[in-house]
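The transmembrane segment feature in TrEMBL is assigned to 20-39, 51-71, 91-110, 177-196, 202-225, 246-271.
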Amino acid sequence: LFDGVYPFYSQQRKVTVFDVSSIIVIVVFLAFTCSFLLIIPGIRGRARLYWTLRVLLSLLVGAVIIAVQFTGDWETGWVTANTSYKSFSHALVNADIGLHVGLAGVNITLRGNPVNQVNETIDYNEHFDWSFDADYDHSYSEGLERGLPSPILYVAEKFTTQSPCNVHRQYRISGHYASATLWVAFCTWLISNMLFSMPVLVYGGYMLLVTGAFIIFSLLSFSTVRNSPMCLIQFGTATLHVGYGGSFWLTLATGLLCFVAGITVVALHHFNLDLLKTFFDLREDKAEECQEMTEVYVNTHFVNKGL
């Protein structure tokens, strides 16, 4: 104890929505985008617009598939409540408590209103990992040893393996399979780009449909957590409710985009192949291959012999 106050030990904090891994993914794809924008002035005519649309949409899909693996807002919830701040203390604080669920763990946020209350700065953001190579209960025990505020420990306890809520296993397995299907979607996205560059346009469209299907499968996998009834997370008269967050809806939009793009490519292949080749800048090359000879040289010797 220090002057009768429980010590709060330093810890490695993690940002609620974006962490270092997400930032690295975004920077890498932005580097690819900037590199393409540097060479796009060398493409002539209307093909420049077509190339820009194809490349930017493809990079957007790839960036989303990888980035949402590391974000922490697949499910989110906030509540403002008057709650106890420490164990064995009757002092109440007014704070915003946030819950942010990702594929690999959960973030719990505690922010005071105002931040400075009871002679302390109330601004916490703690991450508890439940991936297969992590021990959630151990992380929770470390939080107890560090003396984390009571609201954070109360919310974190709901996801432990010993909790009566019994949601830990469901969230862990659902997040694991959602992540796995997203990695498969990333592989099919790479294959679709290879097929478009070969070019085998219709098969590239089929692989886009497969990419969209695996993205939707990841959402369905994560949605299975709704099959387990969630315990009430209540602070006095206020209840913390969670709903699908930004990463979930962004992933859904990306999957639908893949479906729309794939269906468009397949439909154009069967009903308007010339327009599809024009969009992929292939019609001019085809025309050059099939171009008729403008001059013909005739050997008069064979003509005179009737050959």
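Each residue, glycine too, has its Cβ placed from N, Cα and C.
Automatic, uncurated: that is what TrEMBL annotation is.
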> What parts of the chain pack near the transmembrane segment (177-196), using Cβ distances under 8 Å and only residues at least 6 beyond its ends?
Replying inline: 54, 58, 61-62, 65-66, 68-69, 103-104, 203-205, 207-208, 210-211, 214-215, 217-219, 221-222, 251, 258, 280
>> Does the transmembrane segment (20-39) come close to the transmembrane segment (246-271), meaning at least 3 CB pairs under 8 Å for residues 6 or more apart?
In response: no
> So which residues does the transmembrane segment (20-39) touch in its own chain, when a touch means Cβ under 8 Å and the partner is 6 or more beyond its ends?
Replying inline: 55-56, 59, 62-63, 66-67, 69-71
